[in-house]
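Enquirer: Input: one structure, supplied below.
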């Protein structure tokens, strides 16, 4: 009897199929690819950029820029529900909940094309070219020294943006963007 139970336990049988490239690896247990989560790999994993910046640090060929470019490439077309920008100066952050705008921003970042500004949730969200690379901002103005939420990690000078602050010459801080 124990042998039969043990064999059943070892069998990779899932009563519900694993989705999105997931594999059934145990009784009713799916192992998901890095892009998906959930019991049947049905929920997209969040795509996260989070880096620390030092005041006046030139960020041209930095690890922050490399991480930003990797982040941009991960923003594949999928059903996003929100995007949050947060960091040291606002740990809760601000969230865009208009899924069409979230997809537009993700697509613009991934394809290096301008987008917006679009008004939603109290902010003017935009993607645009600044210093040879694309930035994300909630000020409505690209490549400006406005106060708000701006990320431009590849600009090549100390004006890499800010979370809830002045985008040029900002204080040391961590900046995070989360697409869900």
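Numbers run from 1 along the shown chain.
Every residue gets a Cβ built from N, Cα and C, even glycine.
I grabbed these lines from TrEMBL:
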type	residues	note
DISULFID	14-24	disulfide bond
DISULFID	32-41	disulfide bond
DOMAIN	10-42	domain 'EGF-like'
SIGNAL	1-21	signal peptide
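Quick one: how deep are these features, and who are their neighbours?
Expert: For residue 14 (disulfide bond), the same-chain residues 6+ apart in sequence whose C-beta sits under 8 angstroms from its C-beta are 24, 27, 28, 29, 30, 40.
Cβ contacts within 10 Å of residue 41 (disulfide bond), excluding its own Cβ and spanning all protein chains shown: 21. Under the DSSP three-state reduction, residue 41 (disulfide bond) is assigned to coil, being neither helix nor strand.
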Enquirer: Would you mind pulling the DSSP three-state label for residue 14 (disulfide bond)?
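Expert: Reduced to three states, the DSSP call for residue 14 (disulfide bond) is coil.
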